[in-house]
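**Q** Quick one: this structure, given as C-alpha cells, is what I'll be asking you about.
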Amino acid sequence: MTGQSQPAATSAVGKRSNYRWIIVALLFFATTINYLDRQVISLLKPILEKEFSWTESDYANIVTVFTFFYGSSTLLAGYIIDRIGTKLGYIGAILVWSLAAMGHALAGGTLGFMVARALLGIGEAGNFPASIKTVAEWFPKKERALAVGVFNAGANIGAVAAPAVVPWLALVAGWQMAFIVTGALGFVWIVAWWIYYEVPARHQRVNAAELAYITDEPVAPTVAGDAAATDLIADAPKAPYAIFSNRAIWGFMGGKLLTDPIWWFFLFWLPSYLASIYNLDLKKLGGPLIIIYLAATIGSVGGGWLSSTLIQKGWHPTRARQYAMALFAVCVTPVMLISQLSSMWPVIAILSLAVAAHQAWSANIFTVAADQFPKHVLSRVVGFGTMAGTLGGAMFPLLVGRILDHYKALGQLSEGYYVIFYIAGLAYLVAWTLLYVFVFRRKVATT
C-alpha cells in the first residue's frame, strides 16, 4: 500500500521541488554553530586551567552548570517553540546563545564562566526541539531519520571546526577573541533563517508535488496498546501531560538519560584526555580531534541512512530503529579495551568508532520520538527527552571530576579515564534495553 499511494500523489502534481533539503541545510549550519560555541571551552581548558588555577572538579562544575541549565530549559524552550512557531522560536534561541557565547570573553574567574555557561545552556536548549519540529513539519516519516542524521552531522562539523579554528584564534588574538568570533556566527545564521524559512504550506518555493509528498503520508500500522494514548495525545493542548500515557516517552527519556552524558564526556574531556595522557599541546591537538569528530559526522549521516533504507525496503519504522540502534550500541563497547593499549593511534581509532556510533544512535533516538508522537506535541516530547539527557549530563561530569581528581592525586590519571571508558561502553547497552522494553518489543498491530 505504501508503494502505491506515494507515486500516485507525486505523478498527479508533477516533479517535486525538494526545497525541504534547503531547510535541512539551515538546520545543519545552526547545529554546527551550536556545537562550535559549546566546545570552545574544552579546547581552551589547558590555557584556562593554568590562568585561573582550576582543578578537574572546578572544570566539572563549570560543565555541570551548562548541562543543568541546558537540560532544565529544554522543556520551556519546546513549549515556547510549540506556541510561537519554529521561525521565531529558533531565532530567539540562537540570539540568546550567541550573546552568551561572546560573553565568555568577559569572565574573570570560575564564577564568571559559570554564569556565561548557564546563559549559553538556556539559549542552546532550543536547538534540538526546534530542529526536530522542523523535520516533522518538512519531511515524511520515511525520510526523517536521514534528515535528522544530516542536520545532526552539524554537531560533528562544529566539533571538527573548533580544533581547527579555536587554538589558532587563541594563539593569535587571545582566548577572549576565540569566544567572540565563534559567538558572532549566530547572527549570520539568524539573517539566513529569517529569509529562507517558512512552513511548507505557505512557502513560495515549495510546489504542489513536494507538499503532497510531505503531507500525503500513508497510514502506518499502529502499535498495540497505543490507541488510548494516541487519543489522549490528540487532546494535548487541554491535557499537557497526556504524552506520558504513551510508554514510548519513557524509553526515549531513559535512552537520553544514559547516553547523552557519554557524548558530553567525549565533547568536553577528550581534548584534555589527549593533552594529559599523550602530552599534546594546543597546536598538536587539532589533528587527532579532527579525525575523531569527522568519524562522528560519518556516523550521524550513516546512522540515519541505515534505518531510512530499511524502512524504504518495507521494514516497519520501529523494527528498523530497533536493529540499527542495537548495532550502534555494540559499536561503542570497544572503548572498554582502551586500558589495554599504549599507542595513541589505536586509541584514536576506537574513540572514532565510539563517537560515530553515538551520533548514529542519536539520529535514530530522535526519530523514535518523531515516529511515536504527533507534530503538535513533538517539541515538548523532545524537550522532556533532552531534559532527561542533560540531567544525566549534569550529574556525570561531577562524577568524572571526582574520579579524575582522585586518580590524579595518586599519580594515576590514566586509570581514572579507564574507569570512565568502562562506564561509557556499558551505557548504550543498558539504554537499548530500556528502549526495547518501552518501545521496540511491543507488537505491531496488523489491523
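Cβ atoms are placed via backbone N, Cα and C, with glycine included.
As annotated in TrEMBL:
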type	residues	note
TRANSMEM	19-36	transmembrane segment
DOMAIN	23-443	domain 'Major facilitator superfamily (MFS) profile'
TRANSMEM	59-81	transmembrane segment
TRANSMEM	88-107	transmembrane segment
TRANSMEM	113-132	transmembrane segment
TRANSMEM	144-169	transmembrane segment
TRANSMEM	175-196	transmembrane segment
TRANSMEM	290-311	transmembrane segment
TRANSMEM	323-341	transmembrane segment
TRANSMEM	347-369	transmembrane segment
TRANSMEM	381-404	transmembrane segment
TRANSMEM	416-439	transmembrane segment
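Give me the local environment of each listed feature.
**A** Sequence-distant contacts of the transmembrane segment (19-36) (same chain, at least 6 residues past either end, Cβ-Cβ under 8 Å): 90, 94, 97-98, 124, 127, 131, 134-135, 138-139, 147, 150-159, 161-162, 165, 182, 185-186, 189, 192-193, 196-197, 200, 203, 205-206, 210, 214, 267.
Residues 38, 41, 45, 49, 89-90, 92-93, 110, 113-114, 117-122, 124-126, 128-130, 133, 264, 268, 272, 379-384, 386-391, 393-395, 397-398, 400-402 of the same chain, all 6+ positions outside the transmembrane segment (59-81), place their C-beta atoms under 8 angstroms from a C-beta of that stretch.
Beyond the ends of the transmembrane segment (88-107), by six or more residues, the same chain brings 30, 33-34, 37, 40-41, 77, 80-81, 113, 115-117, 119-120, 122-127, 130, 134, 176-177, 179-180, 182-187, 189-190, 193-194, 197 to within a C-beta distance below 8 angstroms of the stretch.
Sequence-distant contacts of the transmembrane segment (113-132) (same chain, at least 6 residues past either end, Cβ-Cβ under 8 Å): 27, 30-31, 34, 37-38, 41, 48, 61-63, 65-71, 73-74, 76-78, 80-81, 86, 89-90, 92-101, 103-104, 106-107, 148, 151, 366, 369-370, 378-380, 382-383, 386.
Long-range contacts of the transmembrane segment (144-169) within the same chain, counting only residues at least 6 positions beyond its ends with a Cβ under 8 Å from a Cβ of the stretch, are 20, 24, 27-40, 43-44, 131-132, 135-136, 138, 177-178, 181-182, 267, 271, 282-283, 285-286, 289-290, 293-294, 296-297, 299-305, 307-308, 311, 321, 355, 359-360, 362-364, 366-367, 370-371.
Panel annotation: around the transmembrane segment (175-196), residues 22-23, 26, 29-30, 33, 36-37, 40, 44, 47-48, 87, 90-91, 94-95, 97-105, 162, 165-166, 169 of the same chain, lying at least six beyond its termini, place a Cβ under 8 Å from a Cβ of the stretch.
With a cut-off of 8 Å between Cβ atoms, the residues of this chain six or more beyond the transmembrane segment (347-369) that come close are 128, 132, 144-145, 148-149, 152-153, 155-156, 248-249, 251-252, 255-256, 259, 262-263, 266, 270, 288, 291-304, 306-307, 317, 321, 324-325, 328-329, 331-332, 334-335, 337-338, 341, 378, 381-382, 385, 424, 428, 435, 439.
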**Q** Is it true that the transmembrane segment (416-439) and the transmembrane segment (323-341) have 3 or more CB pairs under 8 Å, sequence gap of 6 or more?
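**A** Yes, the stretches contact each other.
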**Q** For the transmembrane segment (290-311), could you work out the same-chain residues 6 or more beyond its ends whose Cβ comes under 8 Å from its Cβ atoms?
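**A** The answer is 141-150, 152-153, 155-157, 159-160, 163-164, 266, 270, 317, 319-321, 323-324, 327-328, 348, 351-353, 355-364, 367.
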